[in-house]
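Chemist: Sharing the feature lines straight out of TrEMBL:
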{"type": "BINDING", "residues": "Cys23, Cys28, Cys31, Cys53", "note": "[2Fe-2S] cluster 1 binding site"}
{"type": "BINDING", "residues": "Cys93, Cys96, Cys128, Cys130", "note": "[2Fe-2S] cluster 2 binding site"}
{"type": "DOMAIN", "residues": "211-383", "note": "domain 'FAD-binding PCMH-type'"}
{"type": "BINDING", "residues": "Leu239, Val240, Met241, Gly242, Asn243, Thr244, Asn245, Ile246, Asp330, Arg391", "note": "FAD binding site"}
{"type": "BINDING", "residues": "Gln733, Phe764, Arg878, Ala1045", "note": "Mo-molybdopterin binding site"}
{"type": "BINDING", "residues": "Phe880", "note": "substrate binding site"}
{"type": "ACT_SITE", "residues": "Glu1224", "note": "active site, proton acceptor"}
Amino acid sequence: MRAEFAASLTFSSVRLTGTKSGCGGGGCGACTVMVSRYQPATKTFTHYSANACLLPLCQLHGAAVTTVEGIGSSKTRIHPVQERIAKAHGSQCGFCTPGMVMSTYALLRNKPQPTMEDITQALAGNLCRCTGYRPIVDGCRTFCQEANCCQANGDGNCCRNGDGNPDTPEEEKPQLFDKEDFLPLDPTQELIFPPELILMAETANPETLTFYGERTTWVSPTSLEELVQLKAKHPKAPLVMGNTNIGQQHYQLPFLVNAFLPSCAGVWVGAGCSLSELRSLLEKLVPQFPEEKTELFRALNQQLGNLGNQQIRNVATLGGNIVSAYPNSDLNPVLAVGNCKVSVISRGRREVPLNQDFFMGFGKTILNPEEIVVSVFIPFTRKGEFVRAFRQAPRKEASFATVSTGMRVFFSEGSRVVQDVSLYYGGMGPTTVSATKTCAAIIAKPWDDETLSKAYDILLDELALPPSAPGGKVEFRRSLTLSLLFKFHLEVLQKLRETNVIKDEVPEKISPLPREIQPGLQEFQAVSKDQSAQDPVGRPIMHRSAVGHATGEAVYCDDIPKTDGELFLGLVTSSRAHAKITAVDVSQALQLPGVVDVITAQDIPGKKFRPMTGQKEELMAETEVSCIGQIICAVVADTRAHAKRGVAAVKISYEDLPDPIFTIEDAIEKSSYYEPRRMIERGNVTEAFEKVDQIYEGEMRIGGQEHFYMEPQSMVVVPVGEEMEFDVYISTQWPSLMQEAVAETLGISSNRVTCHVKRLGGAFGGKVTKTSHLASITSVAALKTNRAVRCVLERGDDMLITGARHPVTARYKVGFMKDGRIVAADMEYYSNAGNTIDESTLVVEKILMHMDNVYNIPNLRGRGAACRTNLPSNTAFRGFGVPQGLMVVENMINDVAVVLGRPADEIREINMYRGPSVTHYKLEFSPDNFLRCWDECKLKCDYSARRKAVDQFNKQSRWKKRGMSIIPIKYGVAFAESFLNQAAALVHIYKDGSVLVTHGGTEMGQGIHTKMQQVASRELRIPTSKIYISETGTNTVPNTCPSAASFGTDANGMAVKNACEILYQRLEPMRKKDPNGSWESWVRFNRKLNILIDCWRGEDLYMDWEKMEGRPGAYFTFGVCCCEVELDCLTGDYRTLRTDIVVDIGRSVNPSVDIGQIEGAFMQGLGLFTLEELKFSPSGLLYTRGPSQYKIPAICDVPLRFNVYLLKDSDNPHAIYSSKGIGEPVVFLGSAAFFAIKDAVAAARSDSGLVGPFTLSSPATPERACLACNSQFTQKIPTSKPGSFKPWALDI
């Protein structure tokens, strides 16, 4: 239950809201705290980071827990960690920042001068969806001594040199921050451990602690004997150590056994030893013994470095890891091959070997329920014995393994004949499995290619997986069993050669992928020397709330204090994808403690639906459901836990309807579309195809993407108490839509509803339409109960209910000449819209309007349709369809290049717009700045030389390949609907000279409040310290437009500018009267300065689909990205070695904010195109409902060299101060990593004799990349015929 965890204690009891709850499962790091304990035996202290959401309060007796508020405050003194992350611009939405701070702080308490490896390890368990991690790393980097930055990951000029021009003085280049301004880190000034806890630990007699909860009893025994007695009495009660397996469920009987005891044969390690302690122990033991004795230690240590994350390893235990018996365990295969054993105790003691008999099934071992694992024996290895561990996972760190393995082989001295061999695999069945038949075929044979070649065939038969096996990825997993054994083969050959056992030439040594993050470049244009020092526009100003983010003082929706009598709302959702509702039984729910009421559609006094693009969407289903996750009713209770229990108690009866539609292919077959469908054409495509030299037809599939904003959907609706007035505190991009939705649902006028938005913990398009539905339902509950109602979705429910980015399938036909000119292209786009229309038809329109990208194709036709399916309705997402649409275009360009046998960048250049140009919808524009971006990117990244180096690398390497790509974008900014391109601002000037600015934009990490502060500062000629922005409210600025389409600064900035200009003009008489006076003296007695609201309306934009022409955007933002990757062809793992991005954003209002947006957008695009996968069951249930199943980019995915350049001397007359919108365009540039991977795959295929275009769907996950390489191992895997089995997951 929530109240029993440290995360909720900090919120509900002691009012410390800095510790955020982002996922509830230890996967995001937002709730990171530091736990400190005193060790009386050694009189020392231990400090470690941990996830508060997994820390049972009962387990923290005697511990000191430090939250972000405890290390520094803006009211007293901020800590250097907080300062550096803030001033290095490492905070945008800020929801993840307290966790980042605490992970770094815990590291520094243990190691004040860390290495970069320490920092990346410490932050591996902290997710950020906004920044792209680079500024966080840069801020933390200032704590460590910087190593030689240019030696680890390739050749070339120093990463600090930019374009390598030694004549440019470094001081002339403006920097985002100056590390000389930072407070020094002084370890002597840190918090002391509470003396009362030391006294308690040293004097208190051990006492059994028993905690009684509503449904759970927790017992903390004081001795092993007592624990044995309790376990015998309650054999089914879980024994909890780190709580990483049980999570937020039930727990009892914790006991800690963490000692270790060396012996002549190995070392006994306490089962209660944390994985971090085990890793530290093994690191200390390895240098104490001969190398031949520590093979197993080193293999275990390698796996420990990749297992979970730092917070998890700090609390998870060795014994818990073993007895959990996860099928894809990282440690168990290694422990098993190493002949480890466990000592268990119940009525007596016994030792049990960790072998194939120990693991009996999923989560089951041979141990009896009452038995307790006390210790684990890890033996020394022998001379001639080699042990290795391998794993492959969806993400390089903090991810469950797809396949893991431990491998051991033993040779007699001076021989290559195998005396003994052991192979164990995880991820190949319901438990850890031993390849005994394969081992038998290897024993007594020489270790060579012939022996291993036969072993592969036996292994393939021995570790067979049915095509519908849980977890899917069957072909990939089977391929990995072979390729990982091959890696082991190569490593053993290398060792045999090093020991002079063999003289043969050893095949290629496969070294690990590079991983050290180097300092990058962030180049931007300095402000004019004539600009006033007080004028902040164009300067890299820190996010105005960054310090508040870093100290935990920034208030988010769920941080608002609970009001008296407040209720919590939980949602009851459909468990069927297509069915009639035959009954809704709420009787059991209403009988549960704390449950107050159940809200159904019958309780809605106003509209029971929301209008969306001409169609109606039900708020709560009454008679029929059309997807799993559709809202049917809601339960309101006095606590979150009671609401959750109430939701589980509601019983829905269904009658299934036939033929649900899940895939785009199904929708096309059954003509299941939303109207209107769109078509646009330039030239005559049909005639042009008759005149071209060659025609190629292809298909491209792009998967969806979860928003994964760090702050889940959150809102509080408060009845004011008179005249049907309501206050709505909500995390949304569009306050006015929330106001309208609540008013229409309740059947009241909008002037009775006030919507307040302080800030959002990320949004990316996902907090608009879906949020309005949730707000409407919550408001009904508030009306019916006449009490404040809070609704904060858990991560799993959020992902299930609120939809994602649209998956898109496209087919294209392209006609081109032998010289590379593309003469004609015909493209058909189909998006998976889901069960309601939402904004899906608008997304299709946006795709078609951008289908030309930067290419002047004289005959171009595009058709688009939004498919109606029985999946949760998809919605707006950063880029609004453009990333999917452009992906198809660029893939088509690549295919043309491959067919012609020419470099892809050449084909791109041949077909680019040049000179005065006209788009396919008849809009005139100049591509000059884009062409500058292209040329500058190729120059900055040294494209030609590096392309040659990549080709040379690939000639010399068989199993690792490098790939390189350069990708452009032309992105239209603003809404195609003119009424959305307007804004208003309200400016107060008070008698003391302070200024309060309110505008229609919402702060969600994009820095709009910071930029508005800069605008007001310039126009009023006052420092930003005098200007405050409190919140966005519908009672101050009405009828606002959404903060979306990269247009927030353009619109609201002009409104603020206009208002401030008028106010400043009103001051002119006072300024003339007292030219030497102060700002305060000018405003004190001027009665015309109290308040001013001003509106701004943008250009008239439109798109006429009948005439196929229009002006749907105010201007274009241009960008170019070059990526280089290194790919492990045997596993599909890759690393982005370097990324260079050049973007034309006009004249940046705030370079630090804009560069942060560019980096964050790129990383989100990298996730979309290479990593993030939504998985649905054959019945339409979303499998991936949290960070343990759904992987967004982490710090391990950051390009090792990440350079961003803002195009200099660019102007834009269509936006404020000649700037440009930047929030969305760069998302697509993440596809440069995809095409670099595809380039590397092509090199691998070439080695296998495969040439020509090939299909690689997006995202280019390790699975897809590995299978596409078509190595000798993937070729061995038989392919199951589609339709002959029921797949574990749908191919969406």
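Glycine residues also receive a Cβ, built from the backbone N, Cα and C atoms like all the rest.
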Chemist: Can you tell me how far the Cα of Cys23 ([2Fe-2S] cluster 1 binding site) sits from the Cα of Arg878 (Mo-molybdopterin binding site), in Å?
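Modeler: Per the Cα atoms, Cys23 ([2Fe-2S] cluster 1 binding site) and Arg878 (Mo-molybdopterin binding site) stand 22 Å apart.
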Chemist: Taking only C-alpha atoms and a 10 A limit, tell me which of Cys53, Phe764, Phe880 are near Glu1224 (active site, proton acceptor). These are the binding-site residues.
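Modeler: Those near Glu1224 (active site, proton acceptor) - Cα within 10 Å - are Phe764, Phe880, in sequence order.
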Chemist: Give me the Cα-Cα distance between Cys93 ([2Fe-2S] cluster 2 binding site) and Phe880 (substrate binding site), rounded to a whole Å.
Modeler: 20
Chemist: If the Mo-molybdopterin site is taken as the center of the Cβ atoms of Gln733, Phe764, Arg878, Ala1045, which further residues of that chain fall within 8 Å of it by their Cβ?
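Modeler: Result: Ala763, Gly765, Gly766, Val768, Ala876, Phe877, Phe880, Ser1043, Ala1044, Gly1223, Glu1224.
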Chemist: Here's one to test understanding: among the binding-site residues Cys31, Cys128, Leu239, whose C-alpha is closest in space to the C-alpha of Phe764 (Mo-molybdopterin binding site)?
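Modeler: Result for Phe764 (Mo-molybdopterin binding site): the nearest of the binding-site residues is Cys128.
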Chemist: Do me a favour and check the Cα-Cα span between Arg878 (Mo-molybdopterin binding site) and Cys130 ([2Fe-2S] cluster 2 binding site); whole Å is fine.
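Modeler: Cα of Arg878 (Mo-molybdopterin binding site) to Cα of Cys130 ([2Fe-2S] cluster 2 binding site) measures 12 Å after rounding.
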Chemist: Name them in sequence order: residues not among Cys93, Cys96, Cys128, Cys130 whose Cβ is within 8 Å of the mean position of the Cβ atoms defining the [2Fe-2S] cluster 2 site.
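Modeler: Here the non-site neighbours turn out to be Ser91, Gln92, Gly94, Phe95, Thr97, Arg129, Thr131, Met710, Gly761, Gly762, Gly1005, Gly1160.
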Chemist: If you compare CA-to-CA distances from Asp330 (FAD binding site) to each of the binding-site residues Cys28, Cys96, Cys128, Cys130, which comes out shortest?
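Modeler: Looking at Cα distances from Asp330 (FAD binding site), the smallest one goes to Cys28.
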Chemist: Provide, as an integer number of angstrom, the distance between the C-alpha atoms of Cys31 ([2Fe-2S] cluster 1 binding site) and Cys130 ([2Fe-2S] cluster 2 binding site).
Modeler: 17
Chemist: Give the mean pLDDT for the domain 'FAD-binding PCMH-type' (211-383) on the 0 to 100 scale.
Modeler: 87
Chemist: Which of Cys31, Cys93, Cys128, Met241 has the fewest nearby Cβ atoms, counting only those within 10 Å, among these binding-site residues?
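Modeler: Relative to the other binding-site residues in Cys31, Cys93, Cys128, Met241, Met241 has the fewest Cβ atoms within 10 Å.
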Chemist: How many Å separate the Cα atoms of Met241 (FAD binding site) and Phe880 (substrate binding site)?
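Modeler: Answer for this pair: 45 Å between alpha carbons.
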Chemist: If you measure Ala1045 (Mo-molybdopterin binding site) to Phe880 (substrate binding site) at Cα, how many Å is it?
Modeler: 8
Chemist: Counting across all protein chains shown, how many other Cβ atoms sit within 10 Å of the Cβ of Ala1045 (Mo-molybdopterin binding site)?
Modeler: 26
Chemist: CA-CA, which of the binding-site residues Cys28, Cys96, Cys130, Leu239, Gln733 lies nearest the residue listed as 'substrate binding site'?
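Modeler: Comparing Cα positions, the candidate nearest the residue listed as 'substrate binding site' turns out to be Gln733.
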Chemist: Checking the contact step here: among the binding-site residues Cys28, Cys53, Gln733, which have a Cα within 10 Å of the Cα of Cys96 ([2Fe-2S] cluster 2 binding site)?
Modeler: Cys28
Chemist: Mind checking which of Asp330, Glu1224 has the fewest other CB atoms within 10 A of its CB? They're the recorded positions.
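Modeler: If we count Cβ atoms within 10 Å for the recorded positions Asp330, Glu1224, the smallest count is at Glu1224.
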